[in-house]
Amino acid sequence: MKYIIVTGGVMSGLGKGITIASIGRNLKDKGYKVTAIKIDPYINIDAGTMSPYQHGEVFVLKDGGEVDLDLGNYERFLDTELTRDHNLTTGKIYLEVISKERRGDYLGKTVQIIPHVTNEIKSRIRKVAARSGADICLIEIGGTVGDIESMPFLEAVRQMHREEPSENIAFIHVTLAMEDLQGEQKTKPSQHSVKELRALGLSPEVIVVRSKSPLQESAKEKIALFCDVPQELVISAHDADDIYEVPLEIEEQGLTTQLMKHLQLESSVENGAWKKMVSRMHSTTNTVKLAIVGKYTNLEDSYLSILEAVKHGGIDNGCRVEVNMVEAEILEENPAEIEKLIQYDGILIPGGFGGRGTEGKMMAIKFARENDIPFLGICLGMQLAVIEFARNVAKLKGANSTEFDEDSPYPVIDLLPEQTGVAEMGGTMRLGDYEAILTEGSIAAKIYGTNYIVERHRHRYEVNPEFVDRLESYGIVFSGKNKNRMEIAEIPGKRFFFGSQFHPEFRSRPGRPSPPFNGLVAAMCKYRKEREGR
């Protein structure tokens, strides 16, 4: 097994995840099987209970793991499926070490950071890498070098470097070159960051430097000299128009070749699919406008996978999707604002929790339905579409979800039966992959091209089966089901009106878009042409 370990310095949020994903993409295009592990040095067991404002979206894996959004980038770039074990947290490590101590596994020894915690970290990394069957395992250590939280993980990989043959492990350090008022890129923060890393016993083979513009030659020379790496291994990771360009940018600088040389890997395979996909992305000539009506609109990372899935649909349909975030509560406070949605070619209601903004979202759903604007509702978005339909079409006055109104006379959305009595929040929802059978001839069957699908879920509430027949008699169709669970709702005869209880965005890939998103964008493109009289 070959390991590539990525650390970060100067500040957090530099893009270590995109760096790892891009390196992995390029190695995959050389014919290697690649996997990735994200280490998050927080005490939370997973990301499931974190606020989107604090940590961005929670990405859901096939096995139900609720993880950091970086794993979503890994899956999209590497076109792979990971598991909850690919996300290590301090909480997971300490929980296991303490459990072993309580069982007596340490045979009366004093349990310490070294060796017990570091051994657990190394063991988990190696087990995950081995189980994946990969040739190369990329590891991102979250946070910044110098953070007290990441010390045990840095010590663990230092020990791995000592235990593994030198040709089996490579270290990459991501830093930042800031520009002064004269436009000169300053290298001192990078120098100090590498110095701090070396004080921990780690020396990077490669330094990836984030910057606004391409790294100046003088800056590259300074970093190479003072950080003691060859100049060709100082890589410019300057801002790109789109993150999907990053693999191509670092490939042009020879990083893949240099890593393969260090790891003693050889390959004559050249897969140009990624380059072709990026070329298609840039060759789009038409633009359509999408409104995402939500409650976490101030932080785009809250809806990262949705934005990426929309982009994938745009690439496949040959158009650029201009996305605007609309705060649902603004529609509630000023109902006249709803008329502004007429300018959009599509409306999307994402998932979420809690009652804040739900009435505003339903106003947007009603507007989309009545004006026949292509619509996609995801998870809570589908549930709200069902409530809106029940209220305004089926005339069930007061219809609601028991999440928002336990005394609703028409609880068309209700708690999953198995959720009754569940007290803990973390890891207790209906999570991960579940199948659905699609109705033949439905919109769902048409866009998926099959009657059997598997998609990822994250919810506690569902369409109440007691109301299904009554609602369907008014024209809505529940075209995807898991036994007696409603997975998809659609309204035939519309340009595109589709809701999914699952989260299709988590399985969307560049070059292989999620069918609901592809269907939405296709309908938007067609609608735009109709509006322009083409």
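Heads up, the Cβ atoms here are built off N, Cα and C, so glycines get one too.
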From ASP63, ASP68, ASP70, ASP79, the one annotated by Swiss-Prot with GLY13, LEU14, GLY15, LYS16, GLY17, ILE18 for ATP: ASP70
Annotated companion of ASP147, ILE148, GLU149, LYS186, THR187, LYS188, PRO189, SER190, GLN191, LYS222 at the CTP site, Swiss-Prot, chosen from SER12, SER401, SER408: SER12
For the binding-site residues SER190, GLN191, the one whose C-beta sees the most other C-beta atoms within 10 angstroms: SER190
Per-region confidence, the region 'Amidoligase domain' (1-265) (mean pLDDT, whole number): 95
Least Cβ-crowded entry, counting other Cβ within 10 Å, from the binding-site residues listed as PRO189, GLY352, GLY381: PRO189
Among ILE148, CYS379, LEU380, MET382, the one of these recorded positions whose Cβ has the fewest neighbouring Cβ atoms within 10 Å: ILE148
Proximal residue to TYR53 (L-glutamine binding site) among recorded positions SER12, GLU140, THR187, LYS222, HIS503 (C-alpha distance): SER12
From recorded positions GLU140, GLN191, GLY352, LEU380, GLU505, the one whose Cα lies nearest SER12 (CTP binding site): GLU140
Candidate nearest GLY381 (L-glutamine binding site) in space, where candidates are the recorded positions SER190, GLN191, LYS222, HIS503, GLU505 and distance is Cα-Cα: HIS503
Cα-Cα distance, maximum over SER12, ASP147, ILE148, GLU149, LYS186, THR187, LYS188, PRO189, SER190, GLN191, LYS222, record's CTP binders, Å: 30
